[in-house]
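Notes for the one structure printed next.
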Amino acid sequence: MTPLRSGIVAAVAALIADQASKLWLLFVFDIGHRGAVRVTPFFDLVLAWNTGISYGWFQTDSPVGATILLAIKAGAVVLLAIWMARSQTRLATIGLGLIIGGAIGNAIDRFAYGAVVDFVLFHVPLAGKTYSWYVFNLADVAIVAGVIALLYDSFLRTPAAKAP
């Protein structure tokens, strides 16, 4: 399998996993009516509608703001796809594919629902307080894994020979 094909497979896999998990939680498990569900002492399934970007930054309920965020995301996906098509290493193309698949998954949510569906909440009770991370989804996991793959690939690559 060529590196580009590996990246495309990663993008499609990330997109399918993300959308399947969200559709199942929303329409089969019906998390909207059930409310938060404790899965383990440190992990809950919750429903959070994120109208902003990462970590809830730039929250917007206006159609103009949502359109701007979608346009920025579409532009980023196009640039990432060009980078992926030109990439020479399998790890980089897989990383870029994961980022693209995650970005498209979240963009589908924003287009379909007006917000991104987040549902994973990790928390740790410590010294009488509960510390928690932001609520996220599988698209976010794919994006982070893709960035880690790109960073790892950049450290693995052998430096080009210096010109004489």
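Glycine too: its Cβ is placed from the backbone N, Cα and C atoms.
What Swiss-Prot says about this protein:
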{"type": "TRANSMEM", "residues": "8-28", "note": "transmembrane segment"}
{"type": "TRANSMEM", "residues": "39-59", "note": "transmembrane segment"}
{"type": "TRANSMEM", "residues": "64-84", "note": "transmembrane segment"}
{"type": "TRANSMEM", "residues": "91-111", "note": "transmembrane segment"}
{"type": "ACT_SITE", "residues": "ASP118", "note": "active site"}
{"type": "TRANSMEM", "residues": "131-151", "note": "transmembrane segment"}
{"type": "ACT_SITE", "residues": "ASP140", "note": "active site"}
Other CB atoms within 10 A, centred on ASP140 (active site): 21
ASP118 (active site): secondary structure state under DSSP, collapsed to three categories: strand
Chain residues outside the transmembrane segment (8-28) and at least six past its termini with a C-beta under 8 angstroms from it: 1, 45, 47, 93-95, 97-98, 100-102, 104-106, 108-109, 117, 119, 137-139, 142, 146
